[in-house]
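J.: Quick one: the structure is below, questions incoming.
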Amino acid sequence: MTTNYIFVTGGVVSSLGKGIAAASLAAILEARGLNVTIMKLDPYINVDPGTMSPIQHGEVFVTEDGAETDLDLGHYERFIRTKMTRRNNFTTGRIYSDVLRKERRGDYLGATVQVIPHITNAIKERVLAGGEGHDVVLVEIGGTVGDIESLPFLEAIRQMAVEIGREHTLFMHLTLVPYMAAAGEVKTKPTQHSVKELLSIGIQPDILICRSDRAVPANERAKIALFCNVPEKAVISLKDVDSIYKIPGLLKSQGLDDYICKRFSLTCPEANLAEWEQVIYEEANPAGEVTIGMVGKYIELPDAYKSVIEALKHGGLKNRVTVNIKLIDSQDVETRGVEILKDLDAILIPGGFGYRGVEGKIATARYARENNIPYLGICLGMQVALIEFARNVAGMENANSTEFVPDCKYPVVALITEWRDEDGNVEVRSEKSDLGGTMRLGAQQCQLSDDSLVRQLYGEPTITERHRHRYEVNNMLLKPIEAAGLRVAGRSGDDQLVEIIEVPNHPWFVACQFHPEFTSTPRDGHPLFAGFVKAASEYQKRQAK
């Protein structure tokens, strides 16, 4: 089987939506029966985004096999059925780390190690490995054409086009076509200069995706085609839309998938986008709306919680309601009090790290518990719910996590000190261990209690969810907390770790150590988020009586 590659680049400005465009195209090709995957190549020096600030980089998306990756991989999984792995994302830092390790081992036999060919060869090897077994691979190059950081990646894909053959490679370039209000027209010059920059590297784009706040007129697309040496039918207008799930249909309506299949000589049926049409219909025709408060510490950049926000929207689709998300800084809860949590139909506390704002989250969990407001805690959101219950119900005054207060009297949350690496070897770690790549990561099995709410929601006794944490519930202090009324609703497959807790005498209070948002999709939703949004809707109705 021959694998075909579509290399996706961006020009003029960043944040054009390369990831969404690539994922949307992949969704169309998948709907034609093709086996599709997507890769993201990030030009930063970090080995992975695991230790990067969420405020700078956005969320870290965790794959089933435990890779900490770029948030674009979340978009990929929400648009296509293929599950991402550590092969689908790598960085300049990872490439240099691998090459330098080989140099130290003597693998290069004394050769002078250079960007070309050693770095570019390493990039090509990883792209080829990630594409094995697929009909079409979309490869998104992070950054903007013209950046110094992305040059090795651009050189590598230029070489791949020559080595694999142009009949099996395509270059798709996203570019900005701005509208100038003073002139009353869109301007194509930035696109022309961006393509000129690509040409100077040796890459002639085959497809141009023209991003604009409005549809790019046919005469302007013809002008772009002429000056950029691209067929007119391969100049695609991609205007701003009110729902990203409309983009597959928008691209298909302009024949992009037909052009690609013809270019790759692929014989496959027409794309059936009925599932996406259903998503769009549900989104556009809600029967009501709810307001959910998300209390976190990175709220100045909503992308820090991208998958959670999307999962809440998916929960809304499954309940035919619009979910309005109110982002609340947990430090504001500390300074202004729980009064700012009024008028919410439900409360969610997502994952996070560090002590800043934790007391505000604990106060939020208490407010939700005492006022019978639906509550969903994720990762740290479970830990603060446990701490709150231990303090205020189980009588463990000043209970805390050793992450925040190492010598606290009641360390109800503590560091997991024994781990297993990718090869199954036992590792012992402490608070002094490296932060990068030292968490419980990836898909883990969880056994659900028969009498639990989550057992009803999932409809099965055993589930698999993705994790990203290094602190866990301290089993040594669990008995008095359970005796006070907290229910352990889920445990790890080996029965060692607490994965889900519930408050039984509460309408809907669920907190989980894993990250259910990573497996939620617009077409399928997720049991926890669907149940949570339903509980919010029911709470709203009770309050209205």
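Cβ atoms are placed via backbone N, Cα and C, with glycine included.
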J.: Quick one: which of Asp72, Asp98, Asp303 does Swiss-Prot put in the ATP site with Ser15, Leu16, Gly17, Lys18, Gly19, Ile20, Lys239, Asp240, Val241?
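T.: For the ATP site that includes Ser15, Leu16, Gly17, Lys18, Gly19, Ile20, Lys239, Asp240, Val241, Swiss-Prot also lists Asp72.
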J.: Please state which member of Ser14, Ser24, Ser401, Ser449 Swiss-Prot lists alongside Asp147, Ile148, Glu149, Lys187, Thr188, Lys189, Pro190, Thr191, Gln192, Lys223 for binding CTP.
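T.: That CTP site, as Swiss-Prot gives it, pairs Asp147, Ile148, Glu149, Lys187, Thr188, Lys189, Pro190, Thr191, Gln192, Lys223 with Ser14.
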J.: Which of Gly352, Gly354, Gly357 shares the L-glutamine site with Leu380, Gly381, Met382, Gln383, Glu403, Arg470 per Swiss-Prot?
T.: Gly352
J.: Sort Arg470 (L-glutamine binding site) into helix, strand or coil using the DSSP assignment.
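T.: Coil, per DSSP.
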J.: Give me the non-local Cβ neighbours of Pro190 (UTP binding site): same chain, 6+ apart in sequence, Cβ-Cβ under 8 Å, ordered along the sequence.
T.: Gly11, Val12, Thr175, Leu176, Val177, Pro178
J.: Out of these recorded positions, Asp72, Glu140, Asp240, Glu403, Glu517, which one has the fewest other C-beta atoms within 10 Å of its own C-beta?
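T.: Sparsest of the recorded positions Asp72, Glu140, Asp240, Glu403, Glu517 by Cβ contacts within 10 Å: Asp240.
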J.: Find the one among the binding-site residues Asp72, Glu140, Asp240 whose C-alpha lies closest to that of Lys189 (CTP binding site).
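T.: In terms of Cα distance, Lys189 (CTP binding site) lies closest to Asp240.
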J.: Spatially, which candidate from the binding-site residues Lys187, Thr191, Gly352, Glu403, Arg470 is nearest to Glu140 (Mg(2+) binding site), comparing Cα atoms?
T.: Thr191
